[in-house]
Each structure stands twice: as structure tokens, then as C-alpha cells.
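Colleague: Take this structure first; my questions come after.
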Amino acid sequence: MNAWNTIYDQFNPIAFSLGSIEVHWYGLAYACAIVTAFYMALRMIQKDPKRFPIERKEFESYFLWAELGIVLGARVGYILIYEPNSSYYLTHFWQIFNPFDSNGDFVGIRGMSYHGGLVGFLIASYLYSRKDLKKLLIYLDLIAISLPLGYVFGRIGNFLNQELVGRVVPKDSHLGQIIGIMVGNELRYPSQLIEAFLEGVIVFLMVLWAKKHTKTHGLLIVVYGLGYSLMRFIAEFYREPDSQMGVYFLNLSMGQILSLLMVIVSLGILLYATKNSKKIKGNQ
């Protein structure tokens, strides 16, 4: 047993308190994710105006729509897909975003679905662009390259919050014994950090490569969608399935099933892009 294995014993998921309000590391990490994605997008607009011909004020307005769509979609998606008591929220919809418990104590909003957030993001992007659909693919591409590094902070936040834990490490896994984290009395894979690397860093490198080697609007979001789906599918083998869900056919988790659906959506966007997008002129 090494110091890393017992790291959860060394810190508290609560970063600090403001009176009766407890501020969790995840909340801070999510704020870092938003800031990172925002300024990454601004940098891309500045460095490559031919691929991203968007004014800053225009982007700021779109970013607000996109973020709102992500939050709404992520929360509603969790309620519909993962929440065992989803029927309660469907009849008490005001409770979906209620950050207080039955005693009036602030507990924050818990339970977000990445794939639900993706649906919300796509809907918000379409609604914002409906008056000028020529820019829809440009907006999607911009988010595709600015989101992954911000996503890293989100998964680190999950790790610090000691949630979405990994599967139990087999006793014969030498690497697992080294990198595993004690959760309760069991050694588990640090699946949140595995996801941060695969779904954040690796996917970013994929999209960055696509940016350098493609000249058609809409291809970056396709590469992001396909890359994320693949990396999430792999990472799910190290992540403990939600207790209320378990696994389905072929022992696939819900995350893996949704990732396969994400592949279909990405291919649909590819078809749309090939029919409606124009070549990007000039050097990138």
C-alpha cells in the first residue's frame, strides 16, 4: 500500500465553507472548466479567423446559450436516464434544479449526464443558429476544440469529490495495485483520472490534429464525437457502473450504450456537413 492508494484519506471533498454553504472541489473544478473552454475558444477565434469567423460579442452570446443548454440537458438527462425516482421529478419538475434539501440546507445540484448535456448543447446551438444555419457547424467546431481541456477539470472535480469511482482492481493487476485508490475497504481504479486523460487530453489531440489536416466546417465536431465515444467506451471498463443501472447486453454499461448512440449522431452530423459545408479558404 502506497501513499497514493490512500489519498482519499488525506483531503476533504469540501474545499471550504461560506457560512452554512459548503463549497465542494467539484464546483471549483467546474468553474475552471468553463473558464478554460471560454478562453480556449477565444484563442482559437483569434488565431484562426478563417476557420472561426466569429466576433467576440457574437461568441459570448452563443457561449451563454451553449452553457445553458449543457446544464439543462445534463440535469434533465440524468433524471431521465439514471435517476431511479425520475417519475417524482417529472411531477415535481421544480425540484430538478432545487439546490436545497428537505431541511432547507444547501446541498447543491447533483446528478449530471454528459450525454444529456451533449443533447442540450446541440439543441441550444441549433436554436441560436436557426436564423443563420451556415454558422451552426462553425460554432460546433469551435466548441469541439475548446471543450476537451475544460473537460479535464470536470473529471478531476469528480475525483476530488470522491464520486463516479472506478471498478475494483483485480488482485493480479500489478499496475492496478500501484495506481488504485482505496474507496472504503476496496482498492479501485482512479477511473475519473483515466477519463480525464482519455476523454480530455487524447480527444483534444485528436481534434487538434483534425484542425491541422481538414478544411471543411463541421469535421472537428465529428472527430470530437467519434473520438469521445471511443475513449469513453474504453474508460467505462475501468469505471464502476451506476449501482441502480448495472450492465446490459454484452455486459455493456449505460455509458457505453450511449457512446454507441453518440457515434450514430456524429455520423449524422458528418452527413450534414458534407452536404452543407464549404471548404475553408487560406492557410490555417
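Including glycine, each Cβ sits where the backbone N, Cα and C put it.
These numbers come from a predicted model, not from an experiment.
Sequence annotations record features per position, and here Swiss-Prot assigns transmembrane segment to 14-34, 62-82, 106-126, 136-156, 190-210, 218-238, 252-272.
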Colleague: For the transmembrane segment (190-210), what are the same-chain contacts with Cβ under 8 Å, counting residues 6+ beyond its ends?
Modeller: 144-145, 148-149, 151-152, 154-156, 158-159, 163-167, 179-181, 219-220, 223-224, 227-228, 231-232, 234-235, 238-240
Colleague: Cβ pairs under 8 Å with the transmembrane segment (14-34): which stretch of 62-82, 136-156, 218-238, 252-272 has the most?
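Modeller: So the stretch in question is 136-156.
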